[in-house]
Amino acid sequence: MNQPVMQGVPALNVPAYVKHARLVAWVSEIAALTKPERVVWCDGSQEEYDRLCAEMVAAGTLKQLNPAKRKNSYLALSDPSDVARVEDRTFICSQKQEDAGPTNNWTAPAEMRQTLNGLFDGCMRGRTLYVVPFSMGPLGSPIAHIGVELSDSPYVAVNMRIMTRMGRAVYDVLGADGEFVPCVHTVGKPLAAGEQDVPWPCNPTKYIVHFPETREIWSFGSGYGGNALLGKKCFALRIASTMGRDQGWLAEHMLILGVTSPEGKTYHVAAAFPSACGKTNFAMLIPPAGFDGWKVTTIGDDIAWIKPRQDANGQTRLYAINPEAGFFGVAPGTGEKTNFNAMATLKENVIFTNVALTDDGDVWWEGMTDTPPAHLTDWQGQDWTPAIAKETGRKAAHPNSRFTAPAAQCPSIDPEWDNPAGVAIDAFIFGGRRSTTVPLVTEARDWTEGVYMAATMGSETTAAAVGQQGVVRRDPFAMLPFCGYNMADYFAHWLKLGDQLAKSGAELPKIFCVNWFRKDEQGRFVWPGFGENMRVLKWMIDRIEGQARGDEHVFGVSPRYEELRWDGLDFSAEQFAKVISLDAQAWQQELTLHAELFAQLAHHLPQALPEAKARLEARLQG
């Protein structure tokens, strides 16, 4: 292929296996704008990964961990100003403001492009531009889509190799004219000739920008996680949700798990929870005592792409894939007791970010073990001891510290996790963290009622005082920070999809709402959670099979005490009543809060939701 020659821009050195002229022209255009010192086309090989990691170790960005403790694993410590997603600097630049809706930040696309062109002009001087091709989902899957990220961060290149199917094989799928989502990322810290780099370059000015109509992502100023690994939330949720709206499918902030009965029948569920509600723990659940022969397997812990198609019997079903190939998990709180499978996944080939370093070259974080080591180097590179922590309250690991680990290493990984066809979804589960009001589990009576439950779900942001409800942050479908278009239109999309499926005679998944976090009068959790959540999962399967009647109440159907399997757990009918009960007064208050959410979204809100609310109110007043 002819190599474009440009003034002051390095040779593109396009590999012969890249046959996509539009892609090459785009790389050339971005290189001309950002002016890197060189362009490197990532091939996704182990050799390339090892070389980039070695270069980052030499630069002080990574520290290699003790191979006897964590084989082929590294620790990165970020700049203290660059530790999390920046929601206030995240923009959806649709042509019309109303298409972004009231829950997203919006700027007119032409104005934003002008801003970005100024910021990106020369932003990669002295650095390498890495061309990172990746498939979200198994290569060639009808549910998968391809992206290419141009980044000046080798940290991004190596993390993308773990988190996605990244490398040369992507170009085989892309061919000469395949579709791809263009993603441009810079840490925003150009280097002058001879200037010494810092271990974690970033810029106080940050922009994470999505152009839904042209399916583009531009990210400036952050090297961290979801701001920089653009396949994750930016593509897999914000851009993909708009693709799903336009093309008739779903991109969801959901785990996917499989449940296999002792008889060998497997069911698949997709579940949405806001942060701090135990999503990864649920995805990797280990069945408790009393469930011999049952098996739970993990397909994904964070994102599901779901498309309708016919099964072998000609029945339309919803099929889901995990578009990712790795876990980008929050480290604190992950330990052998809370998530054995996650800990087993982290034994080798992991990149840790902002956790603490032990004196023998391993990692540690709060919640990993009951007793912390006597001495650590904390996430900011400072000495840390339990005494210092007691005195100052300083954490050894940052609360949002992370691990990037290959999904294939997870002991509970589902044999179908890499199946290009996806798995048929039998049920959707939605849940939040509520100390009162919301029962342990409720099944929606129909699709619209299920969408209503998901649209109004939320989590408490403060610990509720006794007799008071905490402040509830609504997080519809756990998608509030991640929906790439108007949230009210998103509700309408779910309703429309359900309607279309029902009209085609499709088998609709059941919809359940759960809450593991009810508290008693003393403020203690009543439900034991973790592996015991299997008991609720089993009841859902019984409902799918028509084997459990449940009790119908104002808001749907919940289990009777005797319908849950209690073998191996001492949990009384009185305790069960505390987690399943409905308080009419609390629910009147709750419905008032639902009205506030609907008022915020009134402009595009589908009429079916206020109608569902009116039916609930009528039942409540009964």
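Counting starts with 1 at the first residue shown.
Keep in mind that glycine also has a Cβ here, set from the backbone N, Cα and C atoms.
The substrate binding site annotation in Swiss-Prot covers Arg85, Tyr224, Gly225, Gly226, Ser275, Asn400, Ser401, Arg402, and the record cites sequence analysis as its basis. Counting Cβ atoms from all protein chains shown, Arg85 (substrate binding site) has 19 others lying within 10 Å of its own Cβ.
Contacts of His253 (Mn(2+) binding site) defined by a Cβ separation under 8 A and a same-chain sequence distance of 6+ are given as Leu237, Ala272, Asp302, Ile303, Phe477, Ala478, Met479, Phe482, in order along the sequence. Residues or ranges marked as Mn(2+) binding site in Swiss-Prot (evidence: sequence analysis): Lys233, His253, Asp302.
When Cβ atoms from all protein chains are considered, those within 10 Å of Cys277 (active site) total 21, not counting its own. What Swiss-Prot records for Ala276, Cys277, Gly278, Lys279, Thr280, Asn281, Arg402, Arg433, Phe530, Gly531, Glu532, Asn533 is GTP binding site.
Residues or ranges marked as active site by Swiss-Prot: Cys277.
Long-range contacts of the region 'Disordered' (395-414) within its own chain (CB-CB distance under 8 A, at least 6 residues past either end) are made by residues 83-84, 159, 162-163, 225, 257-258, 284, 286, 296-300, 322, 324-332, 334, 341-342, 344-356, 364-366, 372, 376, 378-379, 384, 389, 423. What Swiss-Prot records for 395-414 is region 'Disordered'.
Gly225 (substrate binding site) is 17 Å away from Thr280 (GTP binding site) when you measure Cα to Cα. Excluding Arg85, Tyr224, Gly225, Gly226, Ser275, Asn400, Ser401, Arg402 themselves, the residues of that chain whose CB lies within 8 A of the CB mean position for the substrate site are, in sequence, Val83, Ala84, Phe328, Val330. Listed in sequence order, Gly225, Phe328, Gly329, Val330, Ala331, Phe352, Thr353, Asn354 are the same-chain residues at least 6 apart in sequence whose CB falls under 8 Å from the CB of Arg402 (substrate binding site). Checking the binding-site residues (Gly226, Gly278, Asn400, Ser401, Glu532) against Lys233 (Mn(2+) binding site) with a 10 Å Cα-Cα cut-off leaves Gly226.
Each residue contributes its Cα atom, and for Asn400 (substrate binding site) and Glu532 (GTP binding site) those atoms are 26 Å apart. Sequence-ordered, the extra residues of this chain that approach the Mn(2+) site, with Cβ no more than 8 Å from the Cβ center of Lys233, His253, Asp302, are Lys232, Ala236, Leu237, Ile303, Phe482. All protein chains considered, the CB of Gly225 (substrate binding site) has 22 other CB atoms within 10 Å. For the pair Arg85 (substrate binding site) and Ala276 (GTP binding site), the Cα-Cα distance reads 15 Å.
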